[in-house]
Amino acid sequence: MLRRRGGPNELRDELNNSKNQPEDDQRTKRGRESIGFRHWIYFVLTVAIVYAGVVALHRKMPAVRDGTSFEDFSEQRARVLLKQLTALGSRPSGSDNLEVKAFGMIQDRIGKIHSVVDEVGVNRLESDVQRPSGCFDLKFLSSFTLCYHKITNVVVRIGPKKGPSGNSLLLNCHFDTMPDTPGATDDAVACTIMMDVLEVLAHSKTELENDVVFLFNGAEENFLQAAHGFINQHPWRHDIRAFINLEGTGSGGREILFQAGPGNSWLLQTYLENAPHPFCSVLAQEIFQSGIIPSDTDFRIFRDYGRISGLDIAYTKNGWFYHTEFDEEWRIEPGAIQRAGENVLAVVRAILKSPYLEKPATFDEENRWVFYDVVGLFTVYYSVNVGKLLNYIACFATYFLVVLRIRNRLYSVGDLAIAFKHHVVAFLAMVITMLLIIAFVVQMDLVMCWYKMPEIVGALYVLPMLIAGAIVHSHYADNNRIRNVEMVQYDTILLSFASILFLMTFYNLSSAFYVLNNLILPVFKDIIIWALGLFGVIRRVTPRVLFFTQLFCFLPTFVFAAYAISQCVDFFVPVMGRLGNAINPEFIMGPLGLVIASGFILFVNNLFYISRRMNYIIRLLFAIFALFILVLITTKVGNPYEYSHENPRLRRIIALHANRTIYDFEGHLTQKDNALFVHSLDYRGASDLPDHSFLQGSSAPNCTGVVDEYCRMPYYTAIHELFPPEQSLWVPVPSPVVLPYPIDLKLVSRHAMGENLNLTFEIRGGYDKMSLHVTPLNDYDLLSWSFTDIDIKEFGRRQTYFVFMTYGHEAPEVRRFWILLKNKNGVAPDPEKHENIELSVATHYAHGIYQDTETLRQLRAMISSRRQTPEQAVGWWRWGITMVGGRSEIVVKIF
């Protein structure tokens, strides 16, 4: 006859007679049927097999299709243009590589496709070159203003031959890059995918139901300027009803749908139903939209300025290569382009046929879908309302189960309280362990030791926290006096998940699906045991039956956990290399390890109470951890950076060879110097750079008495909050920078009007990237200016306002602007006698023949040589560097 825990009353009574007494429970625990070492080996092997299977599926790519058939997308065809674009090298907006060479390649391909459309005779194709100018305000990393002049957009529209349908789908990519990167994944590959999709549609012998607009934009890396120019100024913008934005923040791998909306849930549903290789998660959307990721895409521009709903899709694997010299075509593995192209083509075809494309956009509609893929095999999606219902049902079913057991005297509320105390103490022990590990890492100068090898996070943080949690629960198990202790501990697991699920649902977090998946099957553990007994599979409930049933119930949990962990570690570890100097990344990776470790302990803690003593296993784990620490501090395993041809894991730096001139209120030159302005993009900072004559006598800039938030430094963009001036280096060098276009800043007029002061300025010279620091002085505040209709309340009042000015195809002869200041005291002092405003104008030569000086060329050569031979001297691993560089000038004047 079956002995079991919980369930129908007649079986529960038999279970109680055999198992309810604490002394019987303790004897069972120490007996031959209790869980032993080999069962924990089974458990670890199961988790390892699940993780390996998940990773294998995560890396699986479809076969590359032959390029001779135009019925389907072909990576083989797409790579031809990709190789051509990346062979040009870096392509910043305004460079010859972009404005002439890459532009010519794209135009040439469009011309050939136009001939195909004319030959087939079913559809029509139009193309246009747009060169917009404009300004807008942006809150990203900081608050700043962007102005652009004649940047380049190449726009193509294909649709039914009878004429524009009035309803268009927009596909967007950008073919410009950051300086010093060939930009294969960011974002040339997206443009080649779009080009092949266009070619497939061009060969179609079936008339398209609606139009598709392809935007090849040439100034995304200037903070989304080209998308802004298109959606605000191009005549085709009025017919666009939805968009797909293609991006890249890594190199290859599977592209993920990480943003959808706002509103227009049919658009998301179309992707979920039609993409043959889905990879998506509402959890990724909520993380990205929270702002913790230092990145942004054109999705924001189309959403905020065009009020259009869309899909944001990006490559994220190998983020170490993002915005570096290593973002190369050959690093994108075969099949990665094929799967993205097949997904995009299938979704485009489905959207064009959708009747919803013709309906007015429900833009203000909230997200209505919970969606995620299951290891890339299929997608699960349901409405938010259905999700809330499922979540609350799962919560109340759990609460009902616990109440039922309390009423049937299987355990008491006091027993639950004691079990929760076990969880709290275990969690506190893990938190303390995490903090001790972080302190050890900082003290031993091991910060970011996991950067080149993400697996170290598991050994450094997860393992010791697992040991801490196991010690606590093992101690309580050895001193247990609760009857049915395993049941009590297990039910507190369910209560914990149910409570978390309830709170996430209450606060409208769609990512609550993840907790729901961890709760559904474990709730049915006892029912499964009852069914096994009913069909004669088991005769009685033993610790081993409980173990294997729980292992089965938690298999989906392990799959989802392994999937989430592999994605989070793969994504977040490389991001730490560009997160800046303000946040110690150990306080990000440590809590990430805590989530993994505490989740694992929570899943299995009840098994400690039906196991033999855990002392041997704990000692073994501690010995493994001690051996790991020894290896970490005595070998190169603990070095955060390492160069290899296949997998470079390098420190990012920006090095600008700059001339700086400073003038006082009277117009007298007070300071003129030449230096390397260097900042490291990760937390180890510029002070961690290797010792060399280039850096001898260097120190952080002296910002004493400087009002400018940017410390009168030639920042490329407004990133001083992530990379503060005091964390950078100002390295004096003897050689001045030869400047082909020196900056000439002049005051044109100055008019006082009561408490207001209007100043008009002109800037001549400078290159295609220019930064303006506007710092009001002597109780003045910025009221307005000619760049934008700035809303100070929305924008945020600042000590220094930053304007990033660029040009693309053509340079402006002069930049003329006015600034209106308001005095806080109500009466403006005599502007002729008092300082009113400080302007700093910096320009950057980030491409072409003017980019490098001899000093920068020597620095590049030294980095390239020494990062390949770190074994030649102690500490040479610090030469594991990848560099963005250029010449620069900054002129500071007080008016």
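Cβ atoms are placed via backbone N, Cα and C, with glycine included.
Record features, source Swiss-Prot:
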type     : residues               : note
REGION   : 1-30                   : region 'Disordered'
TRANSMEM : 35-55                  : transmembrane segment
BINDING  : HIS174, ASP186, GLU247 : Zn(2+) 1 binding site
BINDING  : ASP186, GLU221, HIS323 : Zn(2+) 2 binding site
ACT_SITE : GLU220                 : active site, proton acceptor
SITE     : TYR322                 : site 'Transition state stabilizer'
TRANSMEM : 384-404                : transmembrane segment
TRANSMEM : 424-444                : transmembrane segment
TRANSMEM : 453-473                : transmembrane segment
TRANSMEM : 493-513                : transmembrane segment
TRANSMEM : 518-538                : transmembrane segment
TRANSMEM : 545-565                : transmembrane segment
TRANSMEM : 587-607                : transmembrane segment
TRANSMEM : 614-634                : transmembrane segment
CARBOHYD : ASN659                 : N-linked glycosylation site
CARBOHYD : ASN702                 : N-linked glycosylation site
CARBOHYD : ASN758                 : N-linked glycosylation site
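Annotated features, which come from Swiss-Prot, shown on the structure.
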| residue | record | Cβ within 10 Å |
| --- | --- | --- |
| HIS174 | Zn(2+) 1 binding site | 31 |
| ASP186 | Zn(2+) 1 binding site | 27 |
| GLU220 | active site, proton acceptor | 27 |
| GLU221 | Zn(2+) 2 binding site | 24 |
| GLU247 | Zn(2+) 1 binding site | 25 |
| TYR322 | site 'Transition state stabilizer' | 25 |
| HIS323 | Zn(2+) 2 binding site | 22 |
| ASN659 | N-linked glycosylation site | 20 |
| ASN702 | N-linked glycosylation site | 12 |
| ASN758 | N-linked glycosylation site | 17 |
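With pairs at least 6 apart in sequence, the transmembrane segment (384-404) and the transmembrane segment (493-513) have 3 or more Cβ pairs within the 8 Å limit; the two touch.
For the pair GLU247 (Zn(2+) 1 binding site) and ASN758 (N-linked glycosylation site), the Cα-Cα distance reads 42 Å. Compute the center of the Cβ atoms of ASP186, GLU221, HIS323, which mark the site for Zn(2+) 2; besides them, the chain residues with Cβ within 8 Å of that center are THR177, MET178, THR181, GLY183, ASP187, TYR322, ASP327. Each of 384-404, 424-444, 518-538, 545-565, 614-634 was scored by its Cβ pairs under 8 Å to the transmembrane segment (587-607), and the highest score goes to 424-444. The DSSP secondary structure for TYR322 (site 'Transition state stabilizer') is coil. The transmembrane segment (545-565) is not in contact with the transmembrane segment (384-404), judged by fewer than 3 CB-CB distances under 8 Å for residue pairs 6 or more apart in sequence. Same-chain neighbours of the Zn(2+) 1 site beyond HIS174, ASP186, GLU247, judged by a C-beta within 8 angstroms of the site's C-beta center, are, in sequence order, CYS173, GLY183, THR185, ASP187, ALA190, GLU220, GLU221, LEU246, GLY248, THR297, ALA314. The stretch with the most CB contacts under 8 Å to the transmembrane segment (614-634), chosen from 35-55, 384-404, 518-538, is 35-55. Using a 10 Å Cα-Cα cut-off from ASP186 (Zn(2+) 1 binding site), the recorded positions that qualify among TYR322, ASN702, ASN758 are TYR322. Cα of HIS323 (Zn(2+) 2 binding site) to Cα of GLU220 (active site, proton acceptor): a span of 13 Å.
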